[in-house]
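J.: Below you will find the structure I want to go over with you.
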Amino acid sequence: MAPPIYSALIISLGLGTTMTFASTHWYLAWMGIEINTLAIIPLMAQNHIPRAIEATTKYFFVQATASATLLFASISNAFLTGQWDITHTPYTLTSTLITLALAMKIGLAPLHSWMPEVMQGLNLLTGLILSTWQKLAPLYLIYQIQPNNPNIFIALGFLSIIVGGWGGFNQVQLRKILAYSSIAHLGWMILILSFSPPLALLTIIIYILMTFSLFSSFMLTRTTHINSLSTTWAKIPILTISTPLILLSLGGLPPLTGFMPKWMILQELTKQSLCPLATMAALSSLFSLYFYLRLSYAMTLTMPPNNPAGTLPWRLNPRHNTLPLALTTTSTICLLPMTPAIMSLMPF
């Protein structure tokens, strides 16, 4: 893809999300989401291979269905209330339709089945954009509508935690595992959104940091299959240490950064007298922890291959800038001691 076209598409991605963030009118917010969708489709199809084209086609049909549902629900809401204000959705039917349409856009369970298949057909960089940036605008709209009854958020969030953990059990393709990981983390965000929006924002920020670190590590080693993880030591030895720590942080193990949002979410659910829900969410996260541990085992404890002939790749000069990876990896591993400071700065 030519650099000017690539730059225009990246700018359009930013423009679409910014337009949605700045909108108070349903039609303008819908336009921003559509600009986002139309900008990422050429990025998904740039490899011109059958799997990428299939993934792009699936993504287009799912997003078109969700967009049509969102537009129908927002028009119905405007017809019933006489205004297009995003925050004014008093009717249960329209707010539920809007929530389900946005859930389909970001891949929340039970509207998640497109996400692993689409991720499998993309390269890692486009998968990173799909897992992080493309979630921001729909999540912002979900936060804006805030229905009076939080049960739909609780149901979507808890089901996503279970499906995200259970779906990654028998996967060997890293992109599918990352897709199920994204579904599980979105479940934690939606679960707490109606009770503590600042805590949901903190969860999103930490999720983006951890996901960026993991995708960057895999991009640096060009790894897309679980069996390829055992060769990381021969390419970039330091990643043999840092990547398992990133995976364990995604799993939410202390004393890593990923433990912070889960700990605070469980604490908030307990304050809301939802102890059974907090217990089930914590137990369901063990499913996700299993496949993170499986990846860590494949990377560190399996038998390494024989030493290749010639110069090892890690002795050569790297072709990629590793500073962003170093910064995000440090944040992914070492931010847990900052929890008291973060709690004092954010209005929980």
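Placement of Cβ uses the backbone N, Cα and C atoms for every residue, glycine included.
Unlike curated entries, TrEMBL annotations are predicted automatically.
TrEMBL lists these features:
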- 23-287: domain 'NADH:quinone oxidoreductase/Mrp antiporter transmembrane' (DOMAIN)
- 289-343: domain 'NADH dehydrogenase subunit 2 C-terminal' (DOMAIN)
- 6-28: transmembrane segment (TRANSMEM)
- 59-79: transmembrane segment (TRANSMEM)
- 91-111: transmembrane segment (TRANSMEM)
- 123-145: transmembrane segment (TRANSMEM)
- 151-170: transmembrane segment (TRANSMEM)
- 177-195: transmembrane segment (TRANSMEM)
- 201-221: transmembrane segment (TRANSMEM)
- 233-253: transmembrane segment (TRANSMEM)
- 273-293: transmembrane segment (TRANSMEM)
- 325-346: transmembrane segment (TRANSMEM)
J.: Six or more residues beyond either end and a Cβ under 8 Å away: which residues meet both conditions relative to the transmembrane segment (325-346)?
T.: 198-199, 201-202, 206, 209-210, 212-213, 216-217, 220, 242, 245-246, 249, 254-260, 263-264
J.: Over the domain 'NADH dehydrogenase subunit 2 C-terminal' (289-343), what is the model's mean pLDDT?
T.: 75
J.: Which of 6-28, 91-111, 201-221, 233-253 has the most Cβ pairs closer than 8 Å to the transmembrane segment (151-170)?
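T.: Stretch with maximum Cβ contacts: 91-111.
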J.: Would you call the transmembrane segment (6-28) and the transmembrane segment (123-145) in contact, using three or more Cβ pairs under 8 Å, pairs 6 or more apart in sequence?
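T.: Contact between the transmembrane segment (6-28) and the transmembrane segment (123-145): present.
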J.: Who are the chain neighbours of the transmembrane segment (273-293) in space, where the CB to CB distance is under 8 Å and they lie at least 6 residues beyond its ends?
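T.: Sequence-remote neighbours of the transmembrane segment (273-293) are 154, 158, 161-162, 164-166, 168-169, 171, 177, 180-181, 184, 188, 191, 247-248, 250-253, 262, 265-266.
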